[in-house]
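This report concerns only the one structure given below.
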């Protein structure tokens, strides 16, 4: 007898009723020939059933559709509220991703404590740590609240049971890749498991009108682990960025159905947990009393937030056949292109020099607006001429040596003035040569340069003289 699962097969034998997933010449049950036919009644029934739509659920014109006001509930953490568009929306499903050790669990535990401090119940379900381990971290960060409930579970049914028991105003699951469902015959973290777990938790969020935060692992490429469907199911995708060697962390939204996706929150990792940084403008600037050759400040945009970032460059003569090009915080391919522009358009020869380019504070710059500051820093280092005091530079440099306009120029200029940089060198300059003439100090004798070169050899100094003269002409 055919099982209930096989009755959904599209082919059946007209003699004995046996079913099959594909057409066969001979029935495997009664051995009759030519009796396997396609069953069309199921498809027809499905079409009729789909057409029976209740009048109460009829489609409405977009102008007649009622508008439900989406309210954002503040979290108590200003930087997170900025990222989420004013707070967390009830019933929202939020995916919180980031590299291991970047501070996801610490920040979410702080979020849970802030919500619980208002008297609301919060459930923090961790499948990666025991309850005592989470309690220890909560004591260190000061996140002890009586209405914050902890659970260490990796079974989906048990987590759903805890939600029914606690009836929380916020649910945090750490992480979605370590929770498994007994209804799926696979290990935790497999695409089928992640899909089932996420779908069940999102369903609970919509039914109970309770926001659910899912912590997501990332791959070595920085993508969220698991099926791509996970990012489509949730309402908000937030990603935590930061270098492990520095304490600065950025939280940015890659997807937000209830707010903007171009906002960034800034935090600082401390021994007491994650602390928000309301004004991070001074984090990426060096503190020195005088200008040093090879440094230039630019205004980078992190979301809609302007951040002054100092770029440092060092040019050293070398006798090696293959000069080194070392970058930190900027794209090496972008620096290589700018070096070609300097040599071709300005005549600054760096083929026999090692070039090092880095940003202060470990921040990573990816936008083309930092091109002009990188060029100014390299030219300043090559000519031993510092950038003029109070000067800031931003603009995209083309292969033709032109300085192009950048987005949010007025916002960048206002931030430069606020930070004490009255002179802005940007796209108002016709080309790179004009921009460098406005940005760099006039050539003057630097007796310390010869002493600094010292044992490097007179031959290396002579080799880089051509590049220094070209930079001065700029």
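Just so you know, glycine gets a Cβ as well, placed from its N, Cα and C.
Over in TrEMBL, the protein carries these features:
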- 69-218: domain 'RecA family profile 1' (DOMAIN)
- 354-474: region 'Lon-protease-like' (REGION)
- 432-474: region 'Disordered' (REGION)
- 255-259: motif 'RadA KNRFG motif' (MOTIF)
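Mean pLDDT, taken over the motif 'RadA KNRFG motif' (255-259), works out to 91 on the 0 to 100 scale. Using DSSP to sort the residues of the domain 'RecA family profile 1' (69-218) gives these counts of helix, strand and coil: 60 helix, 30 strand, 60 coil. The helix, strand and coil residue counts that DSSP assigns across the motif 'RadA KNRFG motif' (255-259) are 0 helix, 2 strand, 3 coil.
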